[in-house]
Every structure is written in C-alpha cells, then in structure tokens.
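Novice: One structure, pasted below without further comment.
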Amino acid sequence: MKEPVRVTVTGAAGQICYSLLFRIASGEMLGKDQPVILNLLEITPALKVCEAVAMELNDCAFPLVKDVVVTDDPAVAFKDSKIGLMVGAKPRGPGMERKDLIADNGKIFSSLGKVIDEVADKDIRICVVGNPANTNAYILAANAPSINQRNITALTRLDHNRAIYQLAEKSGSDIASVKKMTIWGNHSVTQVPDITFTQIDGANAADKVDAAWAKEEFIPTVAKRGAAVIAARGASSAASAANAILDHMRDWCLGSESGDWVSMAVPSDGSYGIEKGLIYSYPVVCKDGDYEIVQDLDVTDFIKGKMVESETELKEERDTVSDLL
Ligand code: NAD
Ligand code: LMR
C-alpha cells in the first residue's frame, strides 16, 4: 500500500467541493491505489456545514480515505500538504465579470500564500480555482516565494473541456476523437480557445467546421459559457468545475494521454512571447509528475492578436492588486 498523500481543499463546504471531495475520495484524482488524507479548510461560520460534509465522506466508507480533518486554521490545513486545491472564494453573480471579484477574493490568496509558504511541502502542487483564477494564482505565488513556483497553477481545464464539447457537437464527432484542443490566456472572457492544431480522428479539425463558425461562434460560446451557466442555473458551474479540477490534477500527477495535450494556466516562461511570470493558459503535456509547455506551434496572426489581448488583461489585473503582491 502506498503512503497516503495529504490533499488540502479550501472552500470545502461550498458547491464545487460537494462534488469534488467524493470523487477525490473514490480515487478519481490520484488513482485507485493512492490513499489520501483530506484536509478541509473553511471559514469559521461554515465549519458546521463542513463537518457535515466530513460526516458524509466518512459514511461512504471510502477505502482510500485515511483521515478527514476539518479546520478553520490555514496553518493546520496546509501543514506538510502536497496538493492544494484552492476553491474557497466568492463566486460571481449575473452581470459580473470574474475580475470584479478581485477586491474580495485577492486577499484570500495573499494570506493563504503566506501560510503555504511557511507550512506546506515546498513542492506542493497548487491548482487555483477561485476567481479570477489566474490573478489569484499570481497573488498566491508572490506571497509564497519559497514554494516551487512552477507548481502554482490555475484552472482552465473547464474551458478546455467546454471547447471539446462544442467542437464535437458542431462537427458531429465523438468527444473521444477530439485531441489537442488549446486554451490560451486568462480564464476570462478574453480567453482564446484555438482549434488550429486540434485533430478529430487524426484529421485537422479546422477542415471539418466552417472557418467563420470557429472565429465568430466557437470562441465566444466557450469564453462566455460560465456566464451562460450562471444565467441558466442562478449559480456558477459546480459539477463541471469539480470534474475539470480532477482532470487537471490527475493529468499533472499521473500523465496526460499519449498523443494528446491539455490546457493549464501555468507561470509563463516567456513562451509565445508572453511576459514571464504571468499565470497564462498554454497547451501542456504532462509526464512523470511534471508538465511542459508545447513549443513551436505556428500560431495564426488572428490568434496571436487575441493572445496579446488576454495577456494585456492579465497585466491590468495584476496592476490592480499591487498592494497584495
Ligand atoms: P461557493 O460559494 O459555493 O463556495 C465557496 C466556499 O468557500 C464557501 O463555503 C466559503 O465559506 C468558502 N470560503 C470563502 N473564503 C474562504 C477562505 N478564506 N478559506 C476557506 N474557505 C473559504 O462557491 P463555489 O461555487 O464552490 O465556487 C468557488 C469559486 O470557484 C468561485 O470563486 C467561483 O467563481 C470559482 N470557479 C472557478 C472555476 C474555474 O474554472 N476556474 C469554475 C467554477 C467556479
Ligand atoms: C466558470 O467558468 O464556470 C467559472 O469561472 C464561474 C464563472 O464565474 O463563470
């Protein structure tokens, strides 16, 4: 039996976590042979609900769960933690953009960054989910300088999965036949879903759909899907977000599918001319517990222009939180 991995999940009494935690516990994130210790962090007023989630986790009798810790103390939650799923943050409501949450949510990530810096494993793998996810990850990284900065990432896998669905639906293809989807940039309305390199059953996806559809419908539909779910449901995506978190972490830890790539927002190393250090979504291949940005893609001028717009938005978001960096 492997040693248990300590996984810290923030916002554990919230919507996303009600779907996420049970799937981690069943082995869908780290594998069916990997025991876990679940550290659930909540703010004090939500502790009672969090205790109830822990009761239900225990009542499932998951063989892989070795302990469930409920706490409102970040230093307890992150002590020696190897995985941090940073979900705890306010969601947006109708009519808001994700960056409108910076003033409220940014502070959470500066204070948790400091605690992580002090108590977590130095190679903790972090996935920031709370919005605006890329800038919150940037804030966390700036406040956790002793943590392996490469391992501070944000979630754009939900956008990636949404893009695969839209393309499969439009082209009448099986979802499993769609490979090499790409999301560039910010998890915001400026994100750049790109099918230039995507394949459907090994053939170029761009040949299977109308070019005007790819530019004028596909990109905005994927970029505005979060808002469409909020409008339809009255609350932001939860089960699909949880599913994307599992996909992001599973692929990072256990490897992405051979012959395919996935989208992750990671600290830019300057690839594709994006400013170093910004948390920017790229196509990546995951192997041996690490990720590599896919290099040398021949990006079209149209996509490059949109990538720069998304980069500019990230710089603007960063400039508004200079007090937290
Ligand atoms: P929710 O309101 O249902 O749950 C959030 C939980 O976080 C609450 O229980 C709250 O008490 C807790 N919380 C707040 N501050 C905290 C702190 N400092 N420490 C620990 N816990 C804290 O919201 P939700 O639907 O679960 O969404 C959570 C976040 O995820 C939102 O910001 C939402 O916009 C974002 N989100 C991101 C994506 C993505 O793809 N990146 C997708 C969906 C939602
Ligand atoms: C999403 O993409 O569904 C989340 O970021 C929630 C939101 O505010 O859109």
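Each position is counted from 1, following the chain as shown.
Backbone N, Cα and C define each Cβ position, glycine as well.
TrEMBL lists H187 with the feature active site, proton acceptor. The annotation NAD(+) binding site is assigned in TrEMBL to G11, A12, A13, G14, Q15, I16, C17, N105, V129, G130, N131. Annotated substrate binding site per TrEMBL: R92, R98, N131, R162, in sequence order. The domain 'Lactate/malate dehydrogenase N-terminal' annotation in TrEMBL covers 5-152. As annotated by TrEMBL, domain 'Lactate/malate dehydrogenase C-terminal' applies to 156-321.
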Novice: Just to verify: the residue among A13, C17, V129 with the fewest other Cβ atoms within 10 Å, which of the binding-site residues is it?
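Specialist: Relative to the other binding-site residues in A13, C17, V129, A13 has the fewest Cβ atoms within 10 Å.
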Novice: Pop the Cα-Cα gap between N131 (NAD(+) binding site) and R92 (substrate binding site) into the table, whole Å please.
Specialist: 8
Novice: Can you tell me the CA-to-CA distance separating R98 (substrate binding site) and N131 (NAD(+) binding site), as a whole number of Å?
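Specialist: It is 6 Å, counting Cα to Cα.
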Novice: CB neighbours of Q15 (NAD(+) binding site) within 10 A?
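Specialist: If we count other Cβ atoms within 10 Å of Q15 (NAD(+) binding site), we arrive at 17.
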Novice: Which of these binding-site residues (G11, C17, R92, R98, V129, N131) have a C-beta closer than 6 Å to some atom of ligand 2?
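Specialist: Near the molecule: R92, R98, N131.
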Novice: I need the most crowded of these binding-site residues: G11, R92. Count other C-beta atoms within 10 angstroms of each C-beta and give me the top one.
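Specialist: Going through G11, R92 one by one, the largest Cβ count within 10 Å is at G11.
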Novice: Based on DSSP, name the secondary structure state of R162 (substrate binding site): helix, strand or coil.
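Specialist: Helix, per DSSP.
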Novice: Far apart in sequence but close in space: which same-chain residues, 6 or more away, have a Cβ under 8 Å from H187 (active site, proton acceptor)?
Specialist: R98, N131, P132, A133, N134, A154, L155, T156, L158, D159, A265, S281
Novice: Long-range same-chain neighbours of R162 (substrate binding site), Cβ under 8 Å, sequence gap at least 6?
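Specialist: Result: P193, V222, R225, S240.
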Novice: Grab the pLDDT values for the domain 'Lactate/malate dehydrogenase N-terminal' (5-152) and give me their mean, rounded.
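Specialist: Residues in the domain 'Lactate/malate dehydrogenase N-terminal' (5-152) carry a mean pLDDT of 97 in this prediction.
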